[in-house]
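Record features (TrEMBL):
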DOMAIN    83-803  domain 'Myosin motor'
BINDING   Gly176, Glu177, Ser178, Gly179, Ala180, Gly181, Lys182, Thr183  ATP binding site
REGION    683-705  region 'Actin-binding'
COILED    962-1115  coiled coil
REGION    1182-1203  region 'Disordered'
DOMAIN    1297-1576  domain 'Dilute'
REGION    1339-1359  region 'Disordered'
Amino acid sequence: MATATASKALEVYTKGTEAWFPDETEGWLMGKLTTKTIDGDKVKLVFHIDSLRKDVTFESTLTKLEANKAADLPPLQNPPALDGIDDLAMLSYLHEPAVLHNIRLRYAQENIYTYSGIVLIAMNPFQRLALYGTDIMREYSGKRRDELEPHLFAVAEEAYRSMIQEGKNQSIIVSGESGAGKTQSARYIMRYFATVDNLTKNTRNTETTSSSGNISEIEQAVLATNPIMESFGNSKTTRNDNSSRFGKYMEIFFSKPSGPSNSVRITGAAIRTYLLERSRLIFQPPTERNYHIFYQLCAGAPAAEKKELGLTSWESFFYLNQGGTGTVPGVDDAAEFIDTTKGLSDIGVALATQWSIFKICAALLHIGNIKITARRDEADIADDDEALVLACTLLGIDKREFKKWIVKKQIITRSEKIVTALNQYAATVGRDSVAKFIYSMLFDWLVKVINQNLAREGMSTTQKFIGVLDIYGFEHFKKNSFEQFCINYANEKLQQEFNAHVFKLEQEEYVAEKINWSFIDFNDNQPCIDLIEGKLGILDLLDEESRLPSGADGTLITKLYQRFGVPTQKFFEKPRFGQSAFTIKHYANDVTYDIEGFIEKNKDTVSDEQMAVLNASEFEFLKEVIKIEPEPVKAEVTPVGIQIESQVGFSANIDALDMQPRPGRGGAVAKKPTLGTIFKASLVKLMETIRQTEVHYIRCIKPNSAKVAFEFEPQMVLQQLRACGVLETIRISCAGYPSRSTYADFADRYYLLVPSKEWKPDARVLTQSIVGKVISDEDKYQMGLTKVFFRAGQLAFLEKLRTERQRECVILIQKNIRRAVYQKRYNRMRDASIRIQTAARTYQAQKLYRHKRETRAAIKIQRNVRMWLSRKRYEKIRNAVVRIQSHIRMLKAQALAKEIRERNAATRIQKIWRGYVVRKWYKQTSRRMVLIQTCVRRRKAAKAYKLLKAEARSVGKLKETNFKLESKVVELSQALKDSKEESAKLGEKVTSLEAQVAQWKEKFSKVDSASKAATADASHGSAELKKELHDLQAVKDSLTKENEKSLAMLKKRDDAVARLEAELAAAREEAAKLKEEVQKAPKVVQQTVEDTATVNALKKEVSNLREQLSRALAGKYRSDRVADAAIAESRTSISSDYHPYQNGIITSPSSGYLNGYMGERPIPSMSTQIEMDMAAHAAKNKPRRHSYVEGAPASPVDRAVSHRKSRANIAIDTRAPIPIHDEGQVLETERSVRVLEDKALEDEIIDALVTNLRIPLPSTQTVATRKEIFFPAHLIGTTMNQLINHDLSGRMQSLMSNVMKAIQNLTMKFEDDYVSAFWLSNCYELLCVVKSTQEKEAREAGRRRIQGGRRGSDTSETERALEKVRTDLDYLLIEIYHGWIKELKKRLANMIVPAVIENQSLPGYICKQSGGLWGKWGKSSASSQFTIEQLLNFLSKLSKTMRCYYMEDSMTRQILTELLRVIGVSAFNHLLMRKNFCTWKRGVQIQYNVSRLEEWCTSHGIAEATLHLQQLLQAAKLLTLNKTSPQDIETIFDVCFLLNPTQIKKLLSLYYAADFDSPLSPELLKIVASRAVLNEKSDVLLLDLEQAPDFAKPNPHTVDQIERFVPAWMNLPHISAVVAAS
């Protein structure tokens, strides 16, 4: 029993077991157990290490193993199922070699991130990877930490969501040694916080937004701090090209959660810095550089500024050339300088202030070039030292004073001040101290300015924040000084906090699961921390020695030896040789510190005299930078240091407190706090801040010292794993129950370890049965409420049992299969032998039968051959005779034919020749006769021409022409005379009409009075009065009708006036032509002048007459209703005199006609003429079109008349008879205008046709017709056309604008798909209606322009209004499309992954949702929320909805294609980020789901949409293809030709080899990685989800006829009236 523990431990070590052995180069090597010997108490294990090709023997005793609990046994290798797992906490054997092997394996697969419990381990890849784009951020946004692959963004997302949901401040600690990637990791985290809010919503409620995307100004300012802090605080070191030489803690403040999604935004930030490496300013080791800003300034400053600052190349400055390296490969300092200046501008630093900063930087470089020489034992500086002059000029300080206090110092005693000279070394130290002081103050000033500019939007203490700590990791060099001491002290504090945090989490889970447990013991490093910061610790002794005037490093080391060099102190050690170093045993490693420089670096200040010189500077910016802002004096020094540090960092606190007086005798100066004291105080405050937040840890690892991409140095990585505390975390976990699983997951994996009769539906009972059977020691496991917990190694033991059980089952299956195979083979052989025998016998029978058949056939052949030979010989002789006879007959026939041909040819030749001779003679004779006739006719024509020419010269011809012109003038004069007479008659008639109007007014007033009296009497019941009232009402109605007829006559009058104007214009043109003819006559000039004068006088007279007539009409005729009624009433008397109506035709009152150019056209009647004059007057005084909207409203009748007259410019042929208008036409027009202008029409359209419309639901049983779907668009279009027909373009535009606004408000709610589909389809139909109306209006406008004789392409007001409406409809259509697509994508996003990736439709290939051992310890795999059938139903329903609403086919295809593109891209991107899906079974399931989608696309006629699914399909095929040889890799690249090498590499690295599947070898992954490197520039990892194609708006079709369908169930009185009027 004494050796039970050892024996139990040795049971696991069976033949073939793999274990680890330490190695100096590789860290750990794996060996396989070949021999196991237990002889009594002795134990011997022999392992063979393949890489070394040798055996390693382990020898021990059972007693010894029992004493140390088998801790000496070689660490075991984890099961293959756990190789490359993404969380080290899931390893069964948690020890150093297992951690190193797993990280190395993942790094070889280019997976740089690995979890270790709560810690994220980040390996520096030393090359750019496509892992930090916006698409990657989007994938991690909103996901759980364990849902996707390990990543920085997963940690950032966990902190971000925890802050929002739990309302607790968060901290992310990023640590690691120089070159491990801390700065870059912190930069990516801050970029994620600045971008994450934009990934989950489309709009931001920010006050101001920058030009760069959707990032607000404050977020951009936070990101802008990175280049600033890196320029002034980072430098190139041996290990890192961009090493942070200070610690930084940035608190990013967020607003309170708001909105339905509890979104927040960055409202400000604050930065705290720690321990800037001042000494780097004055000294750099070989191959290292000073701070980046100096090299950027030398490379990027403009030439003029360089000359002003005295800058040249970096080689000329002592502070820059000590390392011998001025450039960094792949870094452009000039471009970095531009980024730095841009960052300063982004945080609000003015350009002038920036150059003041650079001026100080240039002065520091010149200070470093001041040459200090030795004169005897004293230091000396030349007065004309160029560097001294430039430095003092730039800083604005007194050159003499500055030089004096560099080479001298002042000692103040109680009675006097003593000035002594310094030696060369002391003067150099003083010069460098000034430079370090100024730079540290400048750095702190920058931090203060950054904090002031980042403190926006009223930041308060109630706002939550996420702090990002970018701090140096544990450092251990060959020579370690004061900086390494402080850094390692900080890491001791952080490691203590980390251990306590891990311990707390472990204990909390044990308590939550209510298991039996004891407190975990772990190595607390508090004694080491007490050694450093405790009372009379190293820091106290250092401060005490620093304050002594004679304090020295030697004295300090002596005190340390005396105080701590005792046997009881286990964490301090004296070196064996020398008296200038000491060793501290840190948690990570033992570090030996060189005491040289401890006192000087701890003081690190300037003298009072040098401070006075700087304070007397004329450079105001320098005085501002070094200005000390004293804080209120505290009782203790440490709190003061903390308070100052919280404002501007702690670098300036040494001299800050120097300025605070201490009460006492002589006004002595208070003790200066040393650098160690301030660092300790700031560290204490940092720990307090971290304890108040929820902490997340990121440990950055540098994999190799050469900075080569994906090279792994095991010893270097192992050292960093120890230093960053990962192994300590694992040790704490191993002390408890590191392996855990839910009951369901455990039972699902290990149920086969018990017989099937013990399988229970209750997972807890089944788990208890399994564990109780296979694990005898109850201390090895614990049963919690929801999980089962195991000690370290038990999971591997269970995996081993499971593998053995599977092997037994496989052997049993193989045995039975082999029996079945052999039995099948025997039966097949027996059946084959029977078939062979049967075939042989058949062959023999067939051979005999064939012989007999051939003999008989031979006889028959011989007989036929002989017969054939005889017949052939006879036919040959006969044919020869026939051929001879035929030849002879042919010769005779040929001779006869030849003779006939010759005779016919001779006859034809003779005929042709005779014809030719006769034709030739005829043609010659004809030409001669024509020539003679031509000569005779020419002679006669010449004589006639001479006579005509002489006749033309005579005056008679001119007189004839003049006579014709006089006739024309006489005709015009007669016409004017007749017009005057007619005007006089019209004037008389006007007078008489005025009298009649006055009479009828009087009559009307009397009738009105009588009517009122009759109404009053009617109340008394008089029947007679009622009858009289009825008669009066009838009279009134008749008057109203007459008024309407008068309005019609007015229109005719207006047409007649227009006709006369046209005729007058024609007469003017004819007179002008006559004038031109007269002017051409040379001998009748005088007569022409007289005619012209007469014509002009006539024109003036006509013009005067028209003006008089217009003035008369303007004063006498008004368009009020009473006058119209009077005119209508007087029409009867007028008609009795003139009889204007005969057979429905308006005729003249007399039979006379105007002579001359007017021809036989009849003159309108007098009443008609008056009406025309009134209409012309009304048209002349009519306001501009639609002016009633802006000015005073006109009466409906006036508007009707005015709008009708607007089209009266069309010429009317007065020769045609003018028909009498229908009496109700004017009333109908007036009523239509009133309805169209009524606001109720617009309200009815918006309310009934848009807002509250009962949309017909899509249905395949009762399919609605097109007119039942498009009636809103057609009714709106009908109303629009009616408004255009009545010249209400402005009203139409306003109505359409309000209708479109109502449609937009309705559709943007996205309450249901059928609403969006219905209105998207109707908007397109309405657009087609508008386009058709626009084309029709354009044709009408063109015709009117042609009739009016106008040229050009000026658009009318109606055309412009229609163009505006069409443009607005285009925008509305696009907005509805994009808004609906965005809403569909949002709903589809929750279905894609469960339906396409997680859904398992094939029953034969079911696999767990997690491809690994199980998804996460304690995380149960949830079933798919959606299936592929639900997704297809969603798409089918959408397609049916669009089809039922007759949506344009191109829009339907675009919508469905875009949704399928989103499905393909989202599923593909998700697959690339989910390791637990990359199994071959999962690939089969995905292929099946994609094939279902392709079938759906084909059946719905959008086969082109399947192209967007091909990348997902090829990714699924990749999972199912063989991956065992380089040829398989080539096949994968050929089959998956749409995937780039980066995507293939990612999928293969995520591939999980399930049971009995061959895992991928590292060699194959290297082949894939090499191909990915070749295509690195063009390859991207994830597909762009936002790169959607633009909406291709279909061209509107022409609507031949607008449907005027009004549904019976709708009450639309106004719209019905408009439809009826149309």
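The chain as shown is numbered from 1 upward.
Using the three backbone atoms N, Cα and C, a Cβ is placed for every residue, glycine included.
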Cβ-Cβ under 8 Å from Gly181 (ATP binding site), same chain, 6 or more residues apart: which ones?
Ala122, Asn124, Cys700, Lys702
For the ATP site (Gly176, Glu177, Ser178, Gly179, Ala180, Gly181, Lys182, Thr183), what does the 8 A shell look like? I mean other same-chain residues with CB within 8 A of the CB centroid.
Asn124, Arg239, Asn240, Ser243, Ser244, Gly473, Cys700, Lys702
For Gly176 (ATP binding site), the number of other Cβ atoms found within 10 Å of its own Cβ
26
If you draw a 10 Å sphere on the Cβ of Lys182 (ATP binding site), how many other Cβ atoms land inside?
29
Name, in the order they occur in the sequence, the residues of the same chain whose CB lies under 8 A from the CB of Ser178 (ATP binding site) and which sit 6 or more residues away.
Thr237, Arg239, Asn240, Ser243, Ser244, Tyr472, Gly473, Glu475, Lys702
Would you mind splitting the region 'Actin-binding' (683-705) into helix, strand and coil residue counts from DSSP?
9 helix, 8 strand, 6 coil
Name, in the order they occur in the sequence, the residues of the same chain whose CB lies under 8 A from the CB of Glu177 (ATP binding site) and which sit 6 or more residues away.
Arg239, Tyr472, Gly473, Phe474, Glu475, Cys700, Lys702, Gln720, Ala723
Listed in sequence order, the residues of the same chain lying six or more positions from Thr183 (ATP binding site) whose CB sits under 8 Å from its CB are Glu230, Asn234, Asn242, Ser243, Ser244, Asp470
Same-chain residues at least 6 apart in sequence whose Cβ lies under 8 Å from Ala180 (ATP binding site):
Ala122, Asn124, Asn240, Gly473, Cys700, Ile701, Lys702, Gln720
Cβ neighbours within the same chain of Gly179 (ATP binding site) - under 8 Å, at least six residues apart
Asn124, Thr237, Arg239, Asn240, Asp241, Ser243, Lys702, Lys707
Would you mind giving the whole-number mean pLDDT across the coiled coil (962-1115)?
67
